[in-house]
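In TrEMBL this protein carries:
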ACT_SITE  ASP204  active site, proton donor/acceptor
BINDING   GLU18, ASN154, ASP204  divalent metal cation binding site
BINDING   ARG101, ASN103, GLU121  substrate binding site
DOMAIN    16-264  domain 'SMP-30/Gluconolactonase/LRE-like region'
Amino acid sequence: MSSVRIECVANEGYGIGESPVWDEKEGALLYVDISGRKVCRWSPVTRQAQAIPVDAPVSSVALRKSGDYVITLGTKFAALKWKEKQVTTLTQVDKDKPNNRFNDGKVDPAGRYFAGTMAEEIRPAVLERHQGSLYTLFSDLSVVKHFDQVDISNGLDWSLDHKTFFYIDSLSYSVDAFDYDLQTGKIGNRRSIYKLEKEESIPDGMCIDTEGKLWVACYDGGRVIRLDPETGKRLQTVKLPVDKTTSCCFGGRDYSEMYVTSASAGMDKEQLSRQPQAGGIFKITGLGVKGVPPFPFAG
């Protein structure tokens, strides 16, 4: 795999870069900085990142069928109009838990927005346990809660045949699978398909490739790993020049480039001097696989 190239395309020192998603229409990469409270868009043409500030931790961004974007903001699902820099609340969850916020989110093949919550961190990956839940926002803006007792609700994606939902609760150190009903959006029969090795550290964001294999960003592990969900085997490890790799997605003209977000929050001066690209956005080429275009929210 000597053809694999890693490049830092946006060295902006984001606090917690997260939720990368390719916007084909704009030919640009969308992502958020959770602690920096901004939604960002990086253009490979201008090599510049634009940012829209918001008034709460923003943890995921997704495309919207009707145009523009949807985001998870604090404990709200919200709509974002990019040009107008306008945010509109769609609905709110976890109203009884003022210390909670959303974390990762992604739209399913039917256009529903899945996203989970967690308690606000005291320090990175240190928080009150079991405070989160996993939710789905439907196109009519109704919300279903799937389960609670979640620590850090994280990576999500769906199998190519849309019969399996993959999900990560970071502090379980496991990648889990559920049976998934595309018609209803219901999930069930949870099982672990991969337990992380010690050096892989904490599983974070996740995406799937066109061969049905999962890619998981390892927070504090400085890598993305490729897994076979059928056999539970790790197939490949790509190491990055930063430890706090947070999430990954495929993008570019033919979805053959991988984009990886990272974090700098919780790092001291010495650590930052050793990893000057911490909090940057990375592009990986030469993986020899392609990704699946993201689904837009139908509402």
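Every residue gets a Cβ built from N, Cα and C, even glycine.
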C-alpha spacing of the residue listed as 'active site, proton donor/acceptor' relative to ASN103 (substrate binding site), in angstrom: 10
Spatially closest candidate among ARG101, GLU121, ASP204, the listed recorded positions, to GLU18 (divalent metal cation binding site) (Cα to Cα): ASP204
Neighbour tally for GLU121 (substrate binding site), based on other Cβ positions within 10 Å of its Cβ: 18
Other CB atoms within 10 A, centred on ASN154 (divalent metal cation binding site): 30
CB-centroid shell, 8 A cutoff, substrate site ARG101, ASN103, GLU121, site residues removed: ILE34, PRO57, SER59, ASN100, PHE102, THR117, MET118, ALA119, GLU120, LEU127, ILE152
Entries of ARG101, GLU121, ASP204 which, being recorded positions, have CA atoms within 10 angstroms of ASN154 (divalent metal cation binding site): ASP204
Residues within 8 Å of the GLU18, ASN154, ASP204 Cβ centre (excluding the divalent metal cation site residues themselves): SER19, ASN103, ASP104, ILE152, GLY155, ILE168, SER170, GLY205, ALA217, TYR219, THR246, SER247
Distance [Cα-Cα, Å, rounded] between ARG101 (substrate binding site) and ASP204 (active site, proton donor/acceptor): 16
For ASP204 (active site, proton donor/acceptor), nearby residues of its own chain (Cβ under 8 Å, 6 or more apart in sequence): ASP104, ASN154, GLY155, ILE168, SER170, VAL216, ALA217, CYS218, TYR219, THR245, THR246, SER247
